[in-house]
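Annotated features in Swiss-Prot:
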BINDING   Cys8, Cys11, Cys32, Cys35  Zn(2+) binding site
BINDING   Pro109, Thr110, Gly111, Thr112, Gly113, Lys114, Thr115, Leu116  ATP binding site
DOMAIN    1-51  domain 'ClpX-type ZB'
Amino acid sequence: MKRPRPHCSFCGLRPPETGRLLESPIEDVYICEDCVERAQEILAQEERRAPKGPSRLPRPQEIKAHLDQYVVGQEAAKRALSVAVYNHYKRLLHPEAEIGKANILLIGPTGTGKTLLAETLARFLDVPFAIADATTLTEAGYVGEDVENVLLRLLQNADFDVERAEMGIVYIDEIDKIARKSENPSLTRDVSGEGVQQALLKIIEGTVANVPPQGGRKHPHQEFIPVNTKNILFILGGAFEGLENIVKARVGKTTIGFTGERREREEPLEVIPEDLIKFGMIPEFVGRAPLIVQLHPLGEDDLVRILTEPKNALVKQYQELFRMEGIELRFTQAALKEVARRALKRGTGARGLRAILEKAMVDLMFEAPGSGVKEIVFDLPHLDHPLKALEEARLRQAS
């Protein structure tokens with residue numbers, strides 16, 4: 001029996017009415033080149049319509065477990081952030097549900113992990129991320145950066161894929177520095193305070209912002225990239241020095257633990273929106289960051305753990321660099337505790353650890369390659385005399 005001429009199983013056409021036929025492993029099933037092209041176009045359209053958020057939304061427990069690998073302590077903050085970020089992206093996956101956006105305010109002293117938490121979240125979720133410093137921003141008409149430049153950084157990190165940027169995370173640091181100077185609105189414009197809050201308010205609450213692709217100040221004749229900010233998660237961070245006195249006055253306490261030097265493990269007193277308004281944040285701005293997350297000051301033990309425990313801990317980084325030279329590097333507990341003590345004395349928290357350790361290690365990293373030693377033990381005295389660690393290593397190896 002003569003087989004019928006093959007035809008496209010999708011459009012029904014036969015060559016030469018259509019292009020070349022591609023045969024399926026299933027007998028007598030074909031697709032023509034024209035239908036392949038149409039299928040690719042349909043898939044591309046579907047991909048463009050699909051949300052550009054995380055490819056898979058991890059549960060809060062998974063998010064916190066990832067944060068645990070990089071951020072030491074701050075258990076309550078990590079739990080709260082994990083739930084908040086999960087709910088934010090769950091809301092985007094279900095646009096039919098009318099759930100408002102809940103931006104996040106992180107309160108804690110310098111070096112407690114505010115920026116690290118935001119960075120780690122964005123990296124884990126694989127969404128675009130941008131950091132801005134609120135102190136560099138000014139309202140339109142003043143010297144400084146327009147608030148839209150915050151979104152430009154997000155666009156740049158999304159390779160100018162606008163839809164992907166619109167699902168990103170923005171961390172704005174030093175947000176406490178744009179508090180107005182008094183609780184009562186001033187008759188004059190406060191360039192570094194209320195005006196910037198008002199300008200930021202528009203993009204934080206959700207608007208279509210016109211972003212200058214080259215950055216800098218906007219002018220009438222340049223082209224803009226429209227960016228809808230309604231689904232961008234804004235995480236705001238600040239030390240809010242002096243806020244403890246406002247909370248203390250409200251609750252009638254004489255001590256507070258969320259800023260300054262820690263006394264044992266006391267819990268920070270709860271900050272409420274009214275405290276932030278008294279501090280100098282405008283009510284509308286406070287209302288757009290309803291989740292307030294407080295971070296503990298870090299103690300000596302915390303800083304030692306930060307040096308050694310995270311996946312990318314400083315000690316592990318230095319050990320890997322020396323291992324590449326065939327040298328095993330060990331740090332004594334006494335040396336690590338002294339690094340932590342010096343960082344605490346500087347008042348820079350975890351941020352000061354790298355500077356202290358780098359200063360001590362630079363001479364050692366200069367001399368050790370090619371020295372022939374197999375193991376270096378870095379002890380407390382070597383913080384100020386690092387080359388003694390190399391001399392002692394040579395003596396041990398020779399004996």
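The chain as shown is numbered from 1 upward.
For all residues, glycine too, the Cβ spot is worked out from N, Cα and C.
Looking at Thr112 (ATP binding site) and Cys35 (Zn(2+) binding site), their Cα atoms lie 57 Å from each other.
Each residue of the domain 'ClpX-type ZB' (1-51) gets a DSSP state, and the totals for helix, strand and coil are 17 helix, 6 strand, 28 coil. Of all the binding-site residues listed (Cys8, Leu116), Cys8 sits in the most crowded Cβ setting, with the most other Cβ atoms within 10 Å. Cβ neighbour count for Cys11 (Zn(2+) binding site): 14 (other Cβ atoms within 10 Å of its Cβ, all protein chains included). According to DSSP, Gly111 (ATP binding site) is assigned to coil rather than to any helix or strand. The ATP site is defined by Pro109, Thr110, Gly111, Thr112, Gly113, Lys114, Thr115, Leu116, and by the 8 Å test on Cβ atoms against their centroid, the other residues of the chain that qualify are Gly108, Gly237, Leu295, Gly349, Ala350, Arg351. DSSP assigns Leu116 (ATP binding site) to a helix.
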